[in-house]
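To keep things clear, I will list the structure first and then write my remarks on it.
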Amino acid sequence: MSAFREQRLPPWRRAVLKVGSSLLAADAHGLSPRHALGLAQFVSASRTQGREVVIVSSGAVAAGRTLVPRAPEAGAPMAARQALAALGQARLMALWQRFFEVPVAQVLLTHDDLRNRRRYLNARATLLELLRLGALPVVNENDTVSVDELKLGDNDNLAAIVAALVNADVLFIASDVDGLYSADPRLDPVAQPVQATLGVSPELMGFAGGAGTRSGTGGMRTKLEAAARASAAGVDTVIFNGTRQDVHRLLAEDRLLGTRIQAERSRPAARKHWLRNAPVGGALAVDAGAVEALRTRGASLLAGGVREVVGEFARGDVVEVRDAGGGAVARGLVQYAAADVRRIAGRHSRDIDLLLGYNYGESVVHRDDLVLL
Ligand SMILES: Nc1ncnc2c1ncn2[C@@H]1O[C@H](COP(=O)(O)OP(=O)(O)O)[C@@H](O)[C@H]1O
Ligand SMILES: N[C@@H](CCC(=O)OP(=O)(O)O)C(=O)O
């Protein structure tokens, strides 16, 4: 089996780092700082360079297992595993906090939260606020309620969704192998390392083995699914060996020993593609000043420029922005439900709190969530 060659990574500003149970509970005696320390040093070095990191960490079930006598074995009823996750999650957070002076913030998400647009927006706003505050978000699945997800044990895909959610440049997936090979290196001694690829082709997916094998139900398969998902959102994926201190140190210098999966399109292009193709929930008619601000200044749409609300939509739906003549100007993800926009239309952003009793920020459609037509 030949080794990976060192390659340079493009500089990044924001990343998601996924750390699996196999690294945090490598010896089956609950959580261990052995590999987490080196990964934490990579995170600290990145933060010192002014970069932002969100950790997606598994390990709650493994940690919980050591906290109770006669812990349920694999195959036990779902509630038993969920109880273990609830027990172990506090330990998992404590493990990460040990390595950092800045506070870590626990964020528990279900796949359902991320499918529902309103909750998606709320999760995103909270994560971005945590980063703004300089905290270190540590995300895991909310295993207590996400039955199917616990069964799948799929934090790789969760990490990819979080990477798209926070608009990360790159998703780092720490594994217990050096990277992706042409076949499972534990089974195939002549497996070849995959240094770099563009997107995830069906051939690449085949490298992870078919369904029914160990690798088909976890292992590299979910990592490649995650990479495909990240690629579609314009996020690069890096798969590296989380057990090797030398690899951690190199990563902090943008040098990689591992696999780089480059996104097939840029993030703005991915976002625009998604906005152009999403179903439209309603429309906002805006005044000439707002059209001008969107078109020439790349500004967000503020409540003050909204003249009329057409149809019913929820926070997080895609709406069409129209000029006074009814011409389509833009499409974007709306921050307020139709009933709320009706109440704040034509008013100054600072009055939103007074008018609604809460606010989701000053823009009705944020510029990052907007595509001009
Ligand atoms: N093509 C492949 N290249 C590299 N590893 C593979 C491949 N196919 C299967 N694997 C297996 O995937 C494992 C890594 O996944 P896994 O242990 O599930 O990680 P985690 O617990 O971090 O999600 C490796 O140890 C390896 O045996
Ligand atoms: N959420 C669960 C594990 C989920 C999971 O995806 O685990 P892994 O395949 O080790 O990344 C936990 O914290 O134990």
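Each Cβ is built from the backbone N, Cα and C atoms, and glycine gets one as well.
Per TrEMBL, the features are as follows:
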{"type": "BINDING", "residues": "Lys18, Ser175, Asp176, Thr217, Gly218, Gly219, Met220, Arg221, Thr222, Lys223", "note": "ATP binding site"}
{"type": "BINDING", "residues": "Ser58, Asp143, Asn155", "note": "substrate binding site"}
{"type": "DOMAIN", "residues": "282-365", "note": "domain 'PUA'"}
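Between the CA atoms of Asp143 (substrate binding site) and Lys18 (ATP binding site) there is a gap of 17 Å.
Checking the binding-site residues Lys18, Ser58, Asp143, Asn155, Met220 against ligand 1, the ones whose Cβ sits under 6 Å from it are Met220. The binding residues for substrate are recorded as Ser58, Asp143, Asn155; their greatest pairwise CA distance is 11 Å. The residues of the domain 'PUA' (282-365), classed with DSSP into helix (H, G, I), strand (E, B) and coil, number 28 helix, 27 strand, 29 coil. Of the listed binding-site residues Asp143, Asp176, the Cβ environment within 10 Å is emptiest of other Cβ atoms at Asp176. Here the CA atom of Asn155 (substrate binding site) lies 8 Å from the CA atom of Thr222 (ATP binding site). Only Ser58, Asp143, of the binding-site residues Ser58, Asp143, Met220, place a Cβ under 6 Å from an atom of ligand 2. Taking the domain 'PUA' (282-365) as a whole, pLDDT averages 96 in the prediction.
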